[in-house]
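The transmembrane segment annotation in TrEMBL covers 21-42, 48-67, 74-94, 114-132, 139-165, 177-195, 207-230, 236-259.
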Amino acid sequence: KCAHLRLACQTELKPYYTSKLWWCGIALLGLGEMGNFTAYGFAPVALVAPLGCVSVIGSAFISVLFLKKAIRAADILGGTLTVTGTFLLVTFAPNVAQELTARQVQNYLVSWPFLVYSILEIIIFCILLYFYKRKAVKHIVVLLMMVALLASLTVIAVKAVASMITLSAKGKMQLTYPVFYIMIVLMATSCAFQVKFLNQAMHLYEVTAVAPINFVFFTTSAIISGVIFYQEFQSAALLSVFMFLFGCLLSFLGVFVIARNKGEEHLQIPFIDCGHIPGQKLTGKIQPDSHGSHYGTLNNEDDSVKSQS
């Protein structure tokens, strides 16, 4: 975001991928996702997925430093709710063994709860896809529901792959089993289609609406898939389950509060703000001469003087 803002302020417009700052951001993003991937090999899905709310808090407060945003009361309230929910998530998350072998993954794949879950998920996804393709229904809920259904498969595959790689690094080779490569294909395929539908949602709707709804849908689907496929919460006490779900609810509320009413910058074309003009709205803008090579922009200092006169 910082790279895009800097490029928008330059007189000569350049593609974003020519910016070293943008590539630095991409590298950091990739590093963070590698850490997220590794976490699935050591912790339950039901714990790792909801902790994604930490990135929302980080984005809100880091933007104050790098993007010069003002801290709102909503940011403080949302951050407090999310931190409280995160504490409950970590405290009451299921405590199950996480060293998953290839044979265990194979057994989970053919278990009847997962087969029933898979059939239901395929039916729901096909119904949503029918409305999306045939009826041209591109409501935000339809798009993000398809993303969430694909995300549940991604989470299952990511945890299986991460766990088998972790065991192999410890000396218990799991990479020779066909299920390892099946999970890699499932992970890559589901990720690719997730990006497709999520990109469509981001194109049609504001990111302030997409981000919190996608977080809630993704987290819910991840928790359900972890419960069904990896049998998490199997021996958990009722109070622990309740407090864990309450922590999820607080995290959801915190994310919505932070994202609520947060406007987006529009960086496409610079404009001249002439201030308050009698008979005009305060938001009214006056465009420069349209005969220049870049309509809506100022080419040089002489054009600026001419437009002001």
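Each Cβ is built from the backbone N, Cα and C atoms, and glycine gets one as well.
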Next item on the list: Can you tell me which of 21-42, 48-67, 74-94, 207-230 gets the most C-beta pairs within less than 8 Å of the transmembrane segment (236-259)?
Entry: 74-94
Notebook entry, point to check: Per the 3+ Cβ pairs under 8 Å rule, pairs at least 6 apart in sequence, do the transmembrane segment (207-230) and the transmembrane segment (48-67) touch?
Noted result: yes
Checklist line | For the transmembrane segment (114-132), sequence-distant contacts whose Cβ falls under 8 Å of one of its Cβ atoms, 6 or more beyond its ends | finding: 108, 138, 142-143, 145-146, 149-150, 152-153, 224-225, 228-229
